[in-house]
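The structure appears below as structure tokens.
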Amino acid sequence: MSHLTVYLENDARRPELSTSDPDLMAGHLAHVGIMFERWTADTPLPASADGEAVLAAYAQPVEALKAARRFRAVDVVRVTPATEGVAALRAKFLDEHTHDEDEARFFVEGAGAFYIHLDRRVLRVVCEAGDLLSIPAGTPHWFDMGPRPRFTTIRFFTRPDGWIASPTGDTIAARFPLFEPATVDAA
Ligand SMILES: [Fe+2]
């Protein structure tokens, strides 16, 4: 289930806010400049579906988003526990980093957790199928796909190299709970 947990940056144990209410999530995130929207993502995708097939299945919302937000390119990341090098892939996004452009993701399968470091707080956003999240350029964040990753997300870009990550060098990510899907609902 989509979920927002807000922590003070120096206290990963006692959240200030913990909610799965989509309107509350969207409102709270919008207040700090982060777009969160619930879209529909219920098109069944066969296990063999590649990026092209995923984009074809979601052509309508993808085109609408590209037009509305001036995105120029999209691609697809699809990860399962069987994906080659999955442990390294998980580790790659676990350190705090920034990008030169917004990080916009539309989840169409599975789930993963973004951790956004903003205003002396960490906002953990567990995204699931149907969630659209956009983190503004330059905002420190990290992402945990969990110990048994399973998600498909469509990425939106305004520049071909916009996704390149710049590490902040901050070790804050290590102080916050990892994404363990079984515990998310109890958070
Ligand atoms: Fe990122």
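The backbone N, Cα and C atoms fix where each Cβ goes, and this holds for glycine too.
Caution: TrEMBL annotation is automatic and unverified by curators.
Remember, predicted model here, so these are calculated numbers, not experimental data.
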Cross-ref TrEMBL: Fe(2+) site His97, His99, Glu103; candidate in list His31, His141 matching that site is His141
Near the Ni(2+) site, what residues other than His97, His99, Glu103, His141 in the same chain have a C-beta no further than 8 Å from the centroid of the listed C-beta atoms?
Thr98, Ile135, Thr139, Pro140, Trp142, Phe143, Ala165
Quick one: pull the CA-CA distance for Asp102 (site 'May play a role in transmitting local conformational changes') versus His141 (Ni(2+) binding site), whole Å only.
11
Do you know offhand how many angstrom separate His141 (Ni(2+) binding site) and Glu96 (site 'May play a role in metal incorporation in vivo') by C-alpha?
5
Candidates near ligand 1 among the recorded positions Glu96, Asp102, Glu103, Arg105, judged by a Cβ under 6 angstroms
Glu103
Of His97, His141 (the binding-site residues), the residue whose Cβ has the fewest other Cβ atoms within 10 Å
His97
